[in-house]
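Asker: Sharing a structure below in structure tokens format, with a few things to ask.
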Amino acid sequence: MKIKLVSYSKDGERIVAIAAKMSRSRKGWDYHEKEMTDDEIETWIRDSITHGYWSVLEHSVYTFSIEGISRVASHQLVRHRIASYTQMSHRFAKPVDKYYKPITPPSIEKRGKEVVDKAYQDAYNYFYQLLEKGVPEEDARYVLPNGVNTNIVVTMNARELYNFFGLRLCSRAQWEIRAIAWKMLDEVKRVHPRLFKYAGPNCIIHENFIRENPITLDDIDNTVFISQRCIEGVTREGIPKCVKNARSILVSEDGVVMGK
């Protein structure tokens, strides 16, 4: 898989901070835009996130190109409804040889790869047999597998990304959507480290609601959690290990699953 942040709100961190401050001030945009310091930006972002003041994060927007994932993963992705999606259509983009690279889960790589390889090849052959019989592409594609590779353009604002990360960075998320989420997090932290400093699975988000000083993913090894257990039932003693296990997923551009 290949995940790339292709566009984003360049001044997103500053915009979020100014919006947060304006909600508590009688002064307008020009004043706060001129007077806002870098330290204030970090403070307003942190306080907005730890107090659940999520609406200000909606002002910063991000567009990703996500390539070489399965239809299984893309179907999970589009369940996050506060977003915009444009996906490759197998009605118009037929799976010709060099572009037909269905995704094989790591559990199958070790147990039944030959079975899946045959199923994928059979589906490919059946697709073209149907086309030869005059079946239109929009109907012939019904025989293509859930694992067929696809590309999708995704646009989310920072608030929805926090919600997406909370659910999909978690070890309970399926491996492929989890790998997508961790790569997307890496991309947004590269351009907006302050805005996504406190992003993480829901165990991190919910913990920060009750802590005086919020924690980050980098603090996980040195943190004693206040929460007795996360919403998935993992005890506070087990949360650090659970997060590290979730973070260990890494998938190369050619689909090889590796440790991180």
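Note that Cβ sites are derived from N, Cα and C of the backbone, with glycine treated the same way.
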Asker: Among Ser48, Ser55, Ser107, find me the residue Swiss-Prot lists at the same FAD site as Arg79, His80, Arg81, Gln87, Asn157, Ala158, Arg159, Asn163.
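Answerer: Looking through Ser48, Ser55, Ser107, the residue Swiss-Prot assigns to the FAD site is Ser55.
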Asker: Given Swiss-Prot annotates Gln76, Leu77, Val78, Arg79, Gln87, Met88, Ser89, His90, Arg91, Arg168 as dUMP-binding, which of Arg46, Arg141, Arg190, Arg194 belongs to that site as well?
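Answerer: Within the candidate list, Swiss-Prot flags Arg141.
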Asker: Which chain-mates of Arg91 (dUMP binding site) that are at least 6 residues away have a CB under 8 A from its CB, listed by sequence?
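Answerer: Set apart from Arg91 (dUMP binding site) by at least 6 residues yet with Cβ under 8 Å, we have Glu137, Glu138, Arg141.
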Asker: Given a separation of at least six residues and a C-beta threshold under 8 Å, show me what packs close to Asn163 (FAD binding site) in the same chain.
Answerer: His80, Ile82
Asker: For Gln87 (FAD binding site), write down the residues of its own chain that are at least 6 apart in sequence and whose Cβ falls under 8 Å from its Cβ; none is a fine answer.
Answerer: Ser74, Val78, Thr150, Asn151, Ile152, Val153
Asker: Rounded to a whole number, how many Å is the Cα of Gln76 (dUMP binding site) away from the Cα of Ala158 (FAD binding site)?
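Answerer: Cα-Cα distance, Gln76 (dUMP binding site) to Ala158 (FAD binding site): 19 Å.
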